[in-house]
Number of protein chains: 2
Amino acid sequence: MELWYTEHHSDYVHFSLKVKEQLYSNQSDFQHIAILDTYEFGKALVLDGCLMVTERDEFIYHDMIVHVPMATNLNVKSVLVIGAGDGGTIRELCRYQGIERIDMVEIDEMVVEACKEYLPQTACSLEDPRVHIYYEDGLKYVRRKVAEYDLILVDSTDPFGPGEGLFTKEFYGNCYNALTEDGILVNQHESTYYDAYVEAMKRAHHRIKETFPIAKVYQAHIPTYPSGHWLFGYASKKYDPLTDLQEEEWNSLELRTSYYNTKLHRGAFALPNYVKEQLNENE
Amino acid sequence: MELWYTEHHSDYVHFSLKVKEQLYSNQSDFQHIAILDTYEFGKALVLDGCLMVTERDEFIYHDMIVHVPMATNLNVKSVLVIGAGDGGTIRELCRYQGIERIDMVEIDEMVVEACKEYLPQTACSLEDPRVHIYYEDGLKYVRRKVAEYDLILVDSTDPFGPGEGLFTKEFYGNCYNALTEDGILVNQHESTYYDAYVEAMKRAHHRIKETFPIAKVYQAHIPTYPSGHWLFGYASKKYDPLTDLQEEEWNSLELRTSYYNTKLHRGAFALPNYVKEQLNENE
């Protein structure tokens, strides 16, 4: 038998992975959850028909969502992570000794349970004593918080299903209030290619820029995401990710990373002209 | 009827584009040539089952193979282009008034004829009076040349068919001899992902580094190429692409580019750690 997983990057572009075995498939209250064992990318988490994480390239996404803000402010002590059920973001955060508390708010407990069982590579730090998991809607959780976190990471799905509320102006405003004066917000920011993603990306950037005095966008090469060109949004009350980068201090920590380095940090903010134009279209 | 073009990025990863119409298909002495009209990417040139150029994302490849070396040495007067039958590289070169002569050596006349007919977007400058086209093997052509070119661009296919000789140590040595003292060599350098491409990339870098005192690698996001993460090799007798970048001078030319800018130029050389490790493995 030949088993292939196919993802529709658009109506006209399909991306297919040969599958050894479907390890898990379940419908939660929020979404369809599957774990596939693929030949090229190892085990993969698929939510509502979108690849979220694969064993082989997850390091890129997780390096970039965590180390970019951390290298900008190494004094981060309290972190809120929204989404991130696979645990990869938590794993990278736990490498920083200075972080005292990580609150993770994931709407779907079933995702976490599936990842703990099938994706220990990413879920390995969910038992760290600094980590507190809340199974609820991140949108509602963050409304109650004021000046509590130095860093918020929005490691969400695309804004087409349960993740939709995490791309609203109300949500970004609540994040602003939940952050301390040192606060940094990083969110996964969709892609520069394929119309549905581009529209989501433009809307997100526009709303974040209305909320935060510093709002920039950075990029990474992620082979299993549509077009391979993925963006992250960086916003802060105070810290610029380039002029405030703590290059020497971060390097002196000697964290071993497979994607991130401080030169790449600077390079990631150097966007192509057509992406800069997309981001400025709403201005 | 539904018509789909499928490319095998590896045995286990397929990338498929929905096709309106196959406009052209022919077998030359060197390779199979097809031109497809696709829904998402417009018209596309396919050689031996590999996407070479699409109307929608060709600007990325052509910006990056031309403007990176040109912004490093704006005094380039004579250029040798090997391959590049679609004409996109020639189009970008022709925007520089200072370039006096462009010799293009393409092994396969049938590619050029097909592109002139179906891809005028890229083939539009092949009639520029500074352009001289030679239909012969680039490997043999360059053997006869000594200190003749300020810039050589190797815009070849992958090293698995007619392009194979353009990835050899002999070829790089002959390029060195064909270049003036100011000489820069840029070649398409395969990808960081999928084993066959990674092996080709490592071999190419190792050979170029044995030949040129300055040899670096830079990257771009190209959605239709395997993994979307594509590399170029930069080599020179004299000019470092970062310290010698003529940032102000290039910007004062006011060339409008959709991908390239001089900040991105610097960022493109900031490689992920895993790619730096791949490149150094042979050392």
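Placed from the backbone N, Cα and C atoms, the Cβ positions cover glycine too.
Under the heading domain 'PABS', TrEMBL lists A:2-237. Confidence over the domain 'PABS' (A:2-237), given as mean pLDDT on the 0 to 100 scale, stands at 95.
Residues or ranges marked as S-methyl-5'-thioadenosine binding site by TrEMBL: A:Gln31, A:Glu106, A:Asp137, A:Gly138, A:Pro162. Under DSSP, A:Gly138 (S-methyl-5'-thioadenosine binding site) is assigned to a helix (H, G or I) in the three-state scheme.
The spermidine binding site feature in TrEMBL is assigned to A:His62, A:Asp86, A:Asp155, A:Ser156, A:Thr157, A:Asp158. All protein chains included, A:Asp158 (spermidine binding site) registers 21 other Cβ atoms within 10 Å of its own Cβ.
Long-range neighbours of A:Asp155 (spermidine binding site) (same chain, six or more residues apart, CB within less than 8 Å of its CB): A:Ile65, A:Val81, A:Ile82, A:Gly83, A:Ala84, A:Thr89, A:Gln188. Residues or ranges marked as active site, proton acceptor by TrEMBL: A:Asp155.
Long-range C-beta contacts of A:His62 (spermidine binding site), restricted to its own chain and to partners at least six residues apart, with a cutoff below 8 Å, comprise A:Gly88, A:Thr89, A:Arg91, A:Glu92, A:Thr122. Under a cutoff of 8 A between CB atoms, and with a sequence separation of 6+ in the same chain, the neighbours of A:Gln31 (S-methyl-5'-thioadenosine binding site) are A:Leu47, A:Asp48, A:Asp108, A:Val111, A:Thr157, A:Gly161, A:Pro162. Other Cβ atoms within 10 Å of the Cβ of A:Asp86 (spermidine binding site) number 28 in total over all chains. Among the residues A:His62, A:Asp86, A:Asp155, A:Ser156, A:Thr157, A:Asp158 said to bind spermidine, no two Cα atoms are farther apart than 16 Å. Here the Cα atom of A:Ser156 (spermidine binding site) is found 9 Å from that of A:Glu106 (S-methyl-5'-thioadenosine binding site). For the recorded site, A:His62 (spermidine binding site), the DSSP three-state label reads helix.
The most crowded of the binding-site residues listed here (A:Gly138, A:Pro162) is A:Gly138, judged by how many other CB atoms sit within 10 Å of its own CB.
When the Cα atoms are compared, A:Glu106 (S-methyl-5'-thioadenosine binding site) and A:Asp158 (spermidine binding site) turn out to be 14 Å apart.
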